[in-house]
Amino acid sequence: MLIRFKINEIECEVDEEKEDLTILQACTANGIEIPRFCYHEKLTIAGNCRMCLVYVTNEEKLLAACGIPLDENFDDESIETEIDEILKAREGVMEFLLINHPLDCPICDQGGECDLQEQTIAYGLDTGRFYIKKRAVEVKAFGRLIKGIMTRCIHCTRCVRFLTEIAGVNELGVLGRGYNMEIGTYKKNVIIESELSGNIIDLCPVGALTSAVYAYKGRPWELKNIKGIDIFDTVLTPINYQVKGGEIFRILPRINDRLNEEWITDKVRFHYESYKIIEKMRKDTPSYKIQANKFIELSWKTALKMVFKVLLNKKNKVDLIIGSKINSTNLRIYKELMNRLGSKNYITENGLLFKKFNYDFRENYINSNDLYNVDQNDLVLLCGINLRVESPLLNIKLRNINFGDDEIETRKKIGIIGNKFDWKQESEYLGSTVNSMLKVFEGRFPYCQQIKKSKAPLILVGSSLLSRIAISLQEIRAAFEIASNIKPENVLLITQGANFGMALEEGIFKENFSKGGNVLYSIDSNEYKVSKTINYIIYQGILNDTFENKIDLYLPSKHYFEDFESDREIYVNTFGQRSEIEKLRISKGNKIKENSMIGYIQLMYLNKKEMNRKEKEQKEIKITYRGIKQKEKRQVKINKNLTINNIIDNYYMTDINSRLSKNLMITGQLRKEKKIMEAGSWKNKTCI
């Protein structure tokens, strides 16, 4: 039904069948601004603040625009948003909100981004009439990352609704009523155990919840935005680095409804403090180990001569392991280098997890389903994946699928194979061993009947499963297709590392990579154990905290967001979507080189123009193909009793950046050991 109505004498129309809008949404769609505090488009409607009051003809009282849906009753009605009655009501609402608000604006970190400040100027009174003592609320301890000065709180409940509805934790709530109403944890001094807790900082319209790491560091108008990505997650969430004077001050999300909506993880939001520590600890010149724990500095010319001597020695067998943050240009350069050396023994750091992988076809490692329409799935099966720590943003998309009101039926729709984790209460746990996976293929669980009945199932396969058994994703898809007639595109692979798909695109993978060489050439990679056969290590990267004392030759290189020649670089996520990042310069030493520059120098007889020409030709070639839907039958020896363990033990300490971030490290320890923070502990901490 087409509904016709007027907003401030402007004629509007809405198709009720296509659009389910409230008055506030209709006004916003027609370019009419209505002030609000509690309303947020990604959260349920609360109607707490009453700032969005509007007048509707034939209604006795003003209505809250955020909570009134447009239906057939509004046909030929008129809505007013700027009449004197409404303006006076807004002044009254603002006066009540400001009654207890402290005069912290000069020192508040929300300054310049404060909704309360802006709406007070636009809609508030110029004088205050409140003469009684203002109420003060004690500082709340929400952990090392979030500073809670709750005297500033206006009780919009955005933080409560986000944590409950989206993050899936019930640790914040509204306590008391009336004058004594507060927002806090149900238990005193309990930290918020969510990998996405930092998003309540962005949601808070006032300065009640702010970043403890950013406290008193800068003002938003001083900071420059530079596009980046969440390098810790294969989704490659778009972010903004906010920088000043070559230093990162904050990291904020960029809105992308197909990927992250407007959320980012705590790890990417707060890890940036580690870059300052790295710059203090790292050397800016090459160094060579002359004896245990004793290094001498070298010139780049001498260091590269030593590299050539080692790599060109025919007696040496070189293993090349490339870090998970290296971009596609550098992947191509070092693959070319190894090919010129006559070696095929190269792999990425995250590729070490897989015993077998068929990368002949792009559909085997790039997922065609981007989970934007995840609500259409009627069944979810997680195979060897802990979404809370492996991909928190995918976790919140999937855990909020509405399968219906029947709790028993809902439980039958969600299955988990692998280690248990706190994902969704109404789920069916099928076991933690490889044998459980085989039983699913054989249809020996009652849950398998649900899989067969499902019209739009979603199967997520994680690295934990493929790292345990020598079976490829293609074979898993074929098994599901034979057992339950599930289409291959409904079986998705969620890997670790930002460049896994790009590396497979370049053909950088070696099955059963043995690390059997005697020379290890590591490009910004240190998340693995060094093989006993290695007697010489060349480490080229930022800083190595895993096997630093074993390194023989160190070549300092730049961070991934500095390590490209042009001003922009493209990364490709697990769904095949391109994410653009801009160049960000924070390295202090002028002697530090880009990985690409070091690689070009090593390719002595291959100049840059030729490499650029090859790269351009590869980009222009378009190959159209169809995947082979062949149900291959072969015998595979599998230990059925192998446990599918999580590959991530501590979410907050997975790489050098997160390990060197003091606040992330302590947060990980606190959550792992379930310790309780003391109230106001952020005051005593040192933000590095």
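Cβ coordinates come from backbone N, Cα and C, glycine included.
Over in Swiss-Prot, the protein carries these features:
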{"type": "DOMAIN", "residues": "1-85", "note": "domain '2Fe-2S ferredoxin-type'"}
{"type": "BINDING", "residues": "Cys38, Cys49, Cys52, Cys66", "note": "[2Fe-2S] cluster binding site"}
{"type": "DOMAIN", "residues": "85-124", "note": "domain '4Fe-4S His(Cys)3-ligated-type'"}
{"type": "BINDING", "residues": "His101, Cys105, Cys108, Cys114", "note": "[4Fe-4S] cluster 1 binding site"}
{"type": "BINDING", "residues": "Cys153, Cys156, Cys159, Cys204", "note": "[4Fe-4S] cluster 2 binding site"}
{"type": "DOMAIN", "residues": "223-279", "note": "domain '4Fe-4S Mo/W bis-MGD-type'"}
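All features noted in Swiss-Prot, drawn onto the structure.
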{"residue": "Cys38", "record": "[2Fe-2S] cluster binding site", "Cβ contacts under 8 Å, 6 or more apart": "Ala46, Gly47, Asn48, Cys49, Cys66, Cys156, Thr157, Arg158"}
{"residue": "Cys52", "record": "[2Fe-2S] cluster binding site", "Cβ contacts under 8 Å, 6 or more apart": "Leu24, Ile34, Pro35, Arg36, Tyr39, Ala64, Ala65, Cys66"}
{"residue": "Cys105", "record": "[4Fe-4S] cluster 1 binding site", "Cβ contacts under 8 Å, 6 or more apart": "Gly111, Cys114, Gln117"}
{"residue": "Cys108", "record": "[4Fe-4S] cluster 1 binding site", "Cβ contacts under 8 Å, 6 or more apart": "Cys114, Arg152, Gly207, Thr210"}
{"residue": "Cys153", "record": "[4Fe-4S] cluster 2 binding site", "Cβ contacts under 8 Å, 6 or more apart": "Val137, Glu182, Ile183, Val206, Ala208"}
{"residue": "Cys159", "record": "[4Fe-4S] cluster 2 binding site", "Cβ contacts under 8 Å, 6 or more apart": "Leu172, Ile183, Ile200, Leu203, Cys204, Leu209"}
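Note: His101 ([4Fe-4S] cluster 1 binding site) has non-local neighbours Leu116, Thr151, Arg152, Ile154, Val206, i.e. same-chain residues 6+ apart with C-beta under 8 A of its own C-beta. With DSSP classes pooled into helix, strand and coil, the tally for the domain '4Fe-4S Mo/W bis-MGD-type' (223-279) is 12 helix, 22 strand, 23 coil. A 10 Å cutoff on Cβ-Cβ distances gives Cys156 ([4Fe-4S] cluster 2 binding site) a total of 27 other Cβ atoms nearby, all chains included. Around the Cβ of Cys114 ([4Fe-4S] cluster 1 binding site), the number of neighbouring Cβ atoms within 10 Å comes to 18. Reduced to three states, the DSSP call for Cys66 ([2Fe-2S] cluster binding site) is helix. For the [4Fe-4S] cluster 1 site, the Cβ centre of His101, Cys105, Cys108, Cys114 serves as reference, and the other residues of the chain with Cβ at most 8 Å from it are Pro102, Leu103, Asp104, Gln110, Gly111, Leu116, Gln117, Arg152, Val206, Gly207. When DSSP labels each residue, the domain '2Fe-2S ferredoxin-type' (1-85) comes out as 15 helix, 23 strand, 47 coil, counted as helix, strand and coil in that order. Those same-chain residues not listed among Cys38, Cys49, Cys52, Cys66 yet with C-beta within 8 angstroms of the centroid of the [2Fe-2S] cluster site C-beta atoms are Leu24, Arg36, Phe37, Tyr39, Ala46, Gly47, Asn48, Arg50, Met51, Ala64, Ala65, Gly67, Cys156. Under DSSP, Cys204 ([4Fe-4S] cluster 2 binding site) is assigned to coil, being neither helix nor strand in the three-state scheme.
Close to the recorded [4Fe-4S] cluster 2 site, the chain also has Ile154, His155, Thr157, Arg158, Ile183, Ile200, Leu203, Pro205, Val206, Ala208, Leu209: residues not among Cys153, Cys156, Cys159, Cys204 whose Cβ is within 8 Å of the site's Cβ mean position.
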